[in-house]
């Protein structure tokens, strides 16, 4: 037998390789490709009153959704809220990522575990933690009352709570994306700027920030698409009073049983994803 | 590379942001020991009654059992399915290996709310809603991309020479894989198993679409509970889950090193 056996080149090797790929291809086809194509088809299917599905194809779901003021407001609100969350996540994550990038040894591993651990903790658990902080009888309000400032601030069941909670939920993704993009950050360049007389803030703004743009762009893309499509946190912290695309998709599918509209809204989420991706590609080309 | 000193300003800001990041996870610990009947922070007294409440809540315990069994089955299946696939992609230079990898990891790019809805609609027609095997398939779709990623990375990093040596000495391809490749891949397999288990155990959105009144997973049961009422019950479950997650993370860190697993 030749040394190439492990690589299994040639005709029979290809056949073996194809056989090894059959199970994963089967799962992907049956539970990913087929359902998604079906969802696309459904968004063009006629909806009958009472949750039934017609057999004829129509553009009514799309034109109906895109001409309804409620849905337009919903889409706009979702995009705007997600942008705010992305920006906040960037501002809060940047110091952590930079600190991690510059620390060394055992300490760095510990901090990395601390960053990744929330990622591995259920969104339900973390959102529940935010309820404890933001509720009327929660940490912030009780702290304010204790300090003699009355408390009674409404931090939940509104946009504020959703933005705070989701920002924190998405921070680990932003931190990891930033870290991956910090490779170009060379301390010698920063030192050169300092030697030439730049004050710390100027070094940060004119040297550090431009060099980290690829990581920033990746982190922002990731956070934005995750924010647009997240469901658990807006549902629990919004308490049914904050209407976003993802929560509406769930309500239309489970409560109202209007599958064509749920399918159409899902496709709109994917269109927003596509737009974010195009914007990301352009941004990346501009900074590189 | 030379080291860059960390300024006190950066240290301070990073500390505050770390606090913000960890606050919700840290806070559920004291709340789980609350003696109050509703959630407030700080609690007015301390007790273990919410742990007792969890262990005597048959619905939550049932959901815990479902989630554990589901995560175990999904972990085993994801290894059985992704291991051969990663071998085919990395070693046999199948036509368009890169494209195949992208295709098989594509479900990760799709928002779970969309994927959940899509699977719900197809499963509803097949009578798979509210069934255990329906949940297994739904979870496999999201777990397999992670498994494939970690396994292909692990396999690509192996020295090919050792396998070639074994093959030259007359070992059949299957023996080479079983006696040489597989043992070398142990760290990758450990990492994959841990990740698959945690992802499946924590999965809430797709499960929310696929569970029924008689079959529910722990994250879904917790979600429904929090949505309906605000008491410290979920805090006690959360603490147990956090301990479990930390244990898994520590095992991975000890056997493979966390940095190598998650950051490149």
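Cβ from N, Cα, C; glycine included.
Residues annotated as domain 'ABC transmembrane type-1' in TrEMBL: B:64-252.
What TrEMBL lists as transmembrane segment is B:12-33 (among others).
Positions annotated as transmembrane segment by TrEMBL: B:60-87 (among others).
Marked as transmembrane segment by TrEMBL: B:99-124 (among others). Away from its own ends, the transmembrane segment (B:99-124) comes close to residues 85, 89, 134, 137-138, 141-142, 144-146, 148-149, 152, 203, 205-206, 208-210 of its chain (Cβ-Cβ under 8 Å, at least six residues beyond either end).
Taken from TrEMBL, the feature transmembrane segment applies to B:130-148 (among others). Nonlocal intrachain contacts for the transmembrane segment (B:130-148), taken as residues 6+ away from its ends with a CB within less than 8 angstroms of a stretch CB, comprise 66, 70-71, 73-75, 77-79, 81-82, 85-86, 89, 101, 104-108, 112, 115-116, 119, 123, 192, 195-196, 199-200, 203, 206-207, 209-215, 217.
Sequence annotations record features per position, and here TrEMBL assigns transmembrane segment to B:188-212 (among others).
Residues or ranges marked as transmembrane segment by TrEMBL: B:232-252 (among others). With a threshold of 8 Å between CB atoms, the same-chain residues lying at least 6 positions outside the transmembrane segment (B:232-252) that come near it are 25, 28-29, 31-32, 34, 36, 39, 43, 50-51, 53-54, 57, 60, 190-191, 194, 197-198, 218, 222, 225-226, 258, 261.
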